[in-house]
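In what follows, a single structure is set out as C-alpha cells and then discussed.
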Amino acid sequence: MIKRLLLVLGLPVVLFVTWYAASANSENFYAPPLRQILAAFVDTWTPERLRADVLPSLARLGAGYLLAALIGIAAGVAIGANPRLRAAAEPVLEFFRAVPPPVLVPVIMLFAGIGNGMKVIVIVSGCVWPVLLNTVEGVRATDGVLADTARAYGLTGAARLRHLLLPSASPQIIAGLRQALSIAIILMVISEMFAASNGLGFTIVQFQRSFAIPEMWSGIILLGLLGFGLSELFRLAERHALAWYHGLRDAQRRS
Amino acid sequence: MTAVGAAAPRTAPGGRALLGLSGLAGLLVLVELLPRTGIVSDSYLPPTSRILAALADEAATGAFWVAVGDTLTAWAIGLAIAVVAGVGAGVLIGAVPVLRAVTASTVEFLRPIPSVALIPLAVLLYGSDLGSTLLLVVYAAFWQVLVQVLYGVADVDPVADETARSFRFGPWARIRYVLWPTALPYVFTGVRLAASVALVLAVTAELVIGAPGLGAVIAVAQTSNAITTMYALIVVTGLLGVAINLAARYAERHFLAWHQSVRGEAPS
C-alpha cells in the first residue's frame, strides 16, 4: 500500500518541488513563482466560480462525449462488419475525419449559433472519429477462428453483435474512447475560446487577454486536474468493462 | 474445391474503388442540391460547384501554395519529433515495469492538459512563428503516440514473452522480437492518429495565433465573410488530412502485411 502510494506520488512530488524551488525567485513576468500561482488558484476558483464556469463546461463536455461515443460505436460496428458499406463510406469518412474540427467552428456557428448546441456539436464532430476508427479496426480484426465458429453455430444479428463483435472489438473501442476523451477536452476549450460568456476556456482566455498571468496559470492547472480526474473516472469504468480482458491476460501471465 | 465463396463474399478491388467513388459522388451531389433546393440557405452552405470554383481560384494564386507549404512544414517537423520521442519513451517505459509504475501518474496528469491551453505560453515564447505551432503540435501528437505504444506494450502475449525468456533472449532481443512486433500495430494507429492531430493543431495554431499557413488564410476569409472561400479552404485542409492518412495507411499495410487485421483483408 505504502509502496503503491510512493509510486503514484513520487515523481509528481519531485517535479512539484523542483518547480516550486526553481521558480521561487522568478522575476519573469510570464513565469511567476509557483507560490503566487497557488495563491491565485485559491482566490480564483471559488465555489461560485466553479458553479458558474466549470459546471457548464462539464455539462457540454459530457453531452458531446456521450453522443460521440454512441454514434461512433454504432456507426463503427455497422461499417466494420459490412465490407461493402465500409468500401462506400470510407472515402467520405476519411474526408470528414481529416478536416480539423477547429476550422469547423465558424461553419457550425453559421448553423447552430453560438449557444450550447454549437459547443456540443463541435465536441461531437471532433471526438466521434477516434471512436469510429477504432471500432471499425476492432471489428475488422475479429479473430478469424472465432468468427467462423460463430458462423458455424448460426450466431447472427443481435447475438453475433453482443457475443462476438462487441467483445472482441472492446479493447480497441476503449482505446478509442480514451483518445476521444482528451480530444473532447481540447474542443471544449476551443469552442469556448471562439464565442462564449462562461466556461473554463473562456475564463482562461480572459485572464490571458488581461495579462493576469498567475490566474491564467491557475486555469491551466485546473484544466490539468480536470483532465486527470476525468481520466481516473475513465480508468475505473475501463477496469469494470474490460475486467474479463485484463483477467484473461493476467491468467495467461500467471500460468 | 475452390476457395471462392469459402468465407464472407469479398468485393473485388475495382468494386471497392467504385463503391468509394459512389459514396463521394453522393456527398458532392447532396451538397450541391441542399442549397439549390433551398433546404439550407446558400449563404450558410454554398453548392459544390461554387466551392470548387473558389478552390480553383485559390489554387491559381502563389500565396495559397506558400500557405500549404508552411502548414505542411510545421506538420512534418512536429510529427517527426513527436513520433521519435513518443516511441522511444513508450518502449522504454513499457519495457521497464518500475518505470511504468513511477511515470503512470505523471503521464496521466500531463497528457490531458489540452495543448490549446498552451497557446498563451507558445505566443510569449515564440510569437506568431513556426516555433509556437511546433510547440502545440509536438505536445499534442506526443501523447497520442505514447499512449498507443503503452497500450501495445501491455498487449504483449505472455506466452510469447515467456518463450523468449526460456530461450534466454536478452532484454534488447525481447524488445526487438517480442515487444516491438506486438506493439507495432498500435504504433501505427498512434502515428496515424498523431498525424491527424498534428494537422489539427498546426491549423489551429495558425487560426488562433496567426502563424503563417492555411489556418491564417482561413481566419482572413472568415473575418472578411468570404464564406465560399472559407469552405474551399476547409476542403483543402480535409484533403491534406486525407492525403496524410492515405500515406499512413499505405505504410501500415506495407509494414504490417503479416498481421491479422491486414492479412484478413488481402484478396486470396
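Glycine too: its Cβ is placed from the backbone N, Cα and C atoms.
Automatic, uncurated: that is what TrEMBL annotation is.
Quick look at what TrEMBL lists:
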- B:68-248: domain 'ABC transmembrane type-1' (DOMAIN)
- B:17-39: transmembrane segment (TRANSMEM)
- B:74-97: transmembrane segment (TRANSMEM)
- B:134-154: transmembrane segment (TRANSMEM)
- B:175-193: transmembrane segment (TRANSMEM)
- B:199-221: transmembrane segment (TRANSMEM)
- B:228-248: transmembrane segment (TRANSMEM)
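Beyond the transmembrane segment (B:199-221), the same-chain residues lying 6 or more positions past its ends with a Cβ under 8 Å from any Cβ of the stretch are 63-64, 66-68, 70-71, 74-75, 78, 115-116, 119, 122-123, 128-130, 132-133, 136-137, 140-141, 229-230, 233-234, 236-237, 240-241, 244. Beyond the ends of the transmembrane segment (B:175-193), by six or more residues, the same chain brings 79, 83, 86-87, 90-91, 94-95, 144-149, 151-153, 155-157, 160-161, 164, 169, 245, 248-249, 251-252, 255-256, 259, 261 to within a C-beta distance below 8 angstroms of the stretch.
Sequence-remote contacts of a segment are chain residues at least 6 beyond its ends whose Cβ falls under 8 Å from one of its Cβ atoms, and for the transmembrane segment (B:74-97) they are 103, 107, 130, 133-134, 137-138, 140-146, 148-150, 152-154, 171, 174-175, 179-180, 183, 187, 190-191, 194-195, 198-199, 201-202, 205-206, 211, 213, 244.
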